[in-house]
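Feature annotation from Swiss-Prot assigns ATP binding site to Ser9, Phe10, His17, Gly88, Leu89, Arg90, Glu98, Asn122, Gln123, Asn124, Ile125, Ser126, Ser127, Ser128; the stated evidence is sequence analysis. Annotation comment: Swiss-Prot describes Ser9, Lys41, Thr73, Arg87 as substrate binding site. Here Swiss-Prot flags His17 as site 'Transition state stabilizer', drawing on sequence analysis.
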Amino acid sequence: MSIAVFPGSFDPLTNGHLDIIKRASGIFEKVIVGVGNNTSKAALFTPQEKMTLISTVVKDLPNVEVAIMKGLTVQFMNEVGAKYIVRGLRNGKDFEYERDIAGMNSALADVETVLLLAKPKNQNISSSMVKEIGSMGADNMVKFVPKAIVEALKERLNAQKK
């Protein structure tokens with residue numbers, strides 16, 4: 001069985017992330033969205049909250065699972081029997097970063113990195129940008145994040161203002 005892991009901090013999951021998940025689910029027999037924690041960024045949602053939100057969004061994709069990922073991606077992949085890492089590329093800067101990480105991952109384990117190009121409408125979306133414009137009161141967040149996440153995002157950002 002071809003199993004892929006799509007790792008990320010997903011704080012929050014964006015429409016760009018969701019597009020990569022959907023496309024990967026058409027390529028691999030099973031896709032596991034690995035919810036990690038980026039220690040260099042202040043998280044808006046806990047890993048458990050992110051897992052719950054993402055699970056709601058992908059519920060109609062039968063070969064997609066969501067799990068909390070601790071430690072190195074390659075360690076998690078070994079635990080779940082995955083051989084492929086899926087990553088999305090928005091631009092050349094992403095490519096440089098992902099190329100370096102792919103090299104490190106393949107040095108650590110027998111894994112392949114599969115890079116999917118972001119569709120033009122998603123090339124400028126990042127979780128950091130979504131949080132920034134959301135904190136400034138943008139009301140059309142559904143352009144950037146799945147509808148099921150918009151309310152949770154607005155609530156959390158409003159709670160931070162208090």
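Note that Cβ sites are derived from N, Cα and C of the backbone, with glycine treated the same way.
Taking all protein chains in view, 17 other C-beta atoms sit within 10 angstroms of the C-beta of Leu89 (ATP binding site). Other Cβ atoms within 10 Å of the Cβ of Ile125 (ATP binding site), summed over all protein chains shown, number 19. Residues Ser9, Phe10, His17, Gly88, Leu89, Arg90, Glu98, Asn122, Gln123, Asn124, Ile125, Ser126, Ser127, Ser128 are the ones the record ties to ATP, and the longest Cα gap between any two of them is 18 Å.
Nearest by CA distance to Gln123 (ATP binding site), out of the binding-site residues Lys41, Thr73, Arg87, is Arg87.
Here the candidates are the binding-site residues Ser9, Ile125, Ser127. The one whose C-alpha lies nearest to that of Thr73 (substrate binding site) is Ser9. Contacts of Lys41 (substrate binding site) defined by a Cβ separation under 8 A and a same-chain sequence distance of 6+ are given as Ser9, Asp11, Ser128, in order along the sequence. A sphere of 10 angstroms centred on the C-beta of Ser9 (ATP binding site) encloses 20 other C-beta atoms. Taking the Cβ of Gln123 (ATP binding site) as centre and 10 Å as the limit, one finds 15 other Cβ atoms among all the protein chains shown. Taking the Cα atom of each, His17 (ATP binding site) and Arg87 (substrate binding site) are about 9 angstrom apart.
Across the structure, Ser127 (ATP binding site) and Arg87 (substrate binding site) place their CA atoms 15 angstrom apart. You'll find the Cα of Ile125 (ATP binding site) roughly 15 Å from the Cα of Arg87 (substrate binding site). The number of other CB atoms found within 10 A of the CB of Arg87 (substrate binding site), across every protein chain shown, is 20.
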